[in-house]
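Quick notes on the structure that follows.
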Amino acid sequence: MSQTKTLKVRVALLCILVGIVLALVAVVTDHWAVLSPHVEHHNSTCEAAHFGLWRICTKRIFVGDKERSCGPITLPGEKNCSYFRHFNPGESSEIFEVTTQKEYSISAAAIAIFSLGFIIVGTLCALLSFRKKRDYLLRPASMFYIFAGLCLSVSAEVMRQSVQRMVDSEHTAWIAHSLAWSFICACVAAALLLVGGLALLLLALPRMPRDPWESCMDAEPEH
């Protein structure tokens with residue numbers, strides 16, 4: 001592999017590395033979405049919430065005279081967090097009482113796990129490719145990174161639809177929502193994994209001959 005090509009491969013791997021870090025941050029944090037209830041009484045407290053793939057946190061926030069909504073979530077208040085019990089039927093947070101909503105949440109978490117699995121396998125292939133004459137391992141590594149980006153983008157879209165469906169439901173007290181920084185990290189990570197994986201795949205593929213005679217001319221003469 002030439003020095004120019006090696007430099008391009010390193011740039012692609014750096015892009016993928018940033019995507020991996022953002023993907024891990026998105027999966028382990030709980031700021032995918034922020035939910036706000038309807039404010040009926042001023043000079044009282046309201047309960048806002050933010051959640052991720054595994055945990056939901058509610059916070060009691062004081063509402064002033066001029067406030068029309070509950071929040072922002074960064075205001076000080078009494079905080080209470082609980083983990084989702086995705087795989088235990090009949091045990092879920094009160095906010096996820098609707099069966100369809102719980103299915104959405106389980107799907108997003110499961111797809112995110114697949115994404116992390118693809119990242120781990122792709123990273124192993126990339127590390128093994130650094131050994132001499134093992135550049136061919138960059139091809140499966142790039143494919144695994146592309147699959148990870150696709151899974152993460154699907155997980156983000158499922159979560160977005162999940163939140164929208166919950167807010168639109170008649171069985172919930174939440175009337176407003178906003179996608180938070182963990183969701184943005186997931187979207188950026190998916191884009192970096194897709195772009196970096198595709199670039200790495202193109203760099204790892206063998207060079208096609210410019211004309212039909214090139215491969216014959218480059219062949220070693222028979223003795």
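Please read every residue number as a count from 1 along the shown chain.
In case you wondered, yes, glycine gets a Cβ from its N, Cα and C as well.
Residues 135, 138, 199-200, 203-204 of the same chain lie 6+ residues outside the topological domain 'Cytoplasmic' (1-10) yet bring a C-beta within less than 8 angstroms of a C-beta in it. If you look up Swiss-Prot, you'll see 1-10 (among others) marked as topological domain 'Cytoplasmic'.
Using a Cβ-Cβ cut-off under 8 Å and counting only residues 6 or more beyond its ends in the same chain, the transmembrane segment (11-29) has close neighbours at 52-53, 112, 115-116, 119, 122-123, 126, 145, 148-149, 152, 182-183, 185-186, 188-193, 195-197, 199-200, 203. Taken from Swiss-Prot, the feature transmembrane segment covers 11-29 (among others), and the record attributes it to similarity to another entry.
The topological domain 'Extracellular' annotation in Swiss-Prot covers 30-109 (among others).
What Swiss-Prot lists as N-linked glycosylation site is N43 (among others), and the listing cites sequence analysis.
Residues or ranges marked as disulfide bond in Swiss-Prot: C57-C81. C57 (disulfide bond): 16 other CB atoms within 10 A of its CB, across all protein chains. In this structure, C57 (disulfide bond) is part of a beta strand by DSSP.
If you take the C-beta of N80 (N-linked glycosylation site) and look for same-chain residues 6 or more apart in sequence within under 8 angstroms, you find C57, T58, K59. In the three-state DSSP scheme, N80 (N-linked glycosylation site) falls into the strand class. Per Swiss-Prot, N-linked glycosylation site is recorded for N80 (among others).
Here Swiss-Prot flags 110-130 (among others) as transmembrane segment, drawing on similarity to another entry.
Summarised as a single figure, the pLDDT of the topological domain 'Cytoplasmic' (131-135) averages 76. Annotation comment: Swiss-Prot describes 131-135 (among others) as topological domain 'Cytoplasmic'.
For 136-156 (among others), the entry in Swiss-Prot reads transmembrane segment, with the evidence type similarity to another entry.
Per Swiss-Prot, topological domain 'Extracellular' is recorded for 157-180 (among others).
Sequence-remote contacts of a segment are chain residues at least 6 beyond its ends whose Cβ falls under 8 Å from one of its Cβ atoms, and for the transmembrane segment (181-205) they are 5, 8-9, 11-13, 15-16, 18-23, 25-27, 29-33, 52, 119, 122, 135-136, 138-139, 141-146, 148-150, 152-153, 155-156, 159-160. Per Swiss-Prot, the feature transmembrane segment maps to 181-205 (among others); the stated evidence is similarity to another entry.
Taken from Swiss-Prot, the feature topological domain 'Cytoplasmic' applies to 206-223 (among others), supported by a curator's inference.
Counted within 10 Å of its Cβ, the other Cβ atoms near C81 (disulfide bond) come to 13, all protein chains included.
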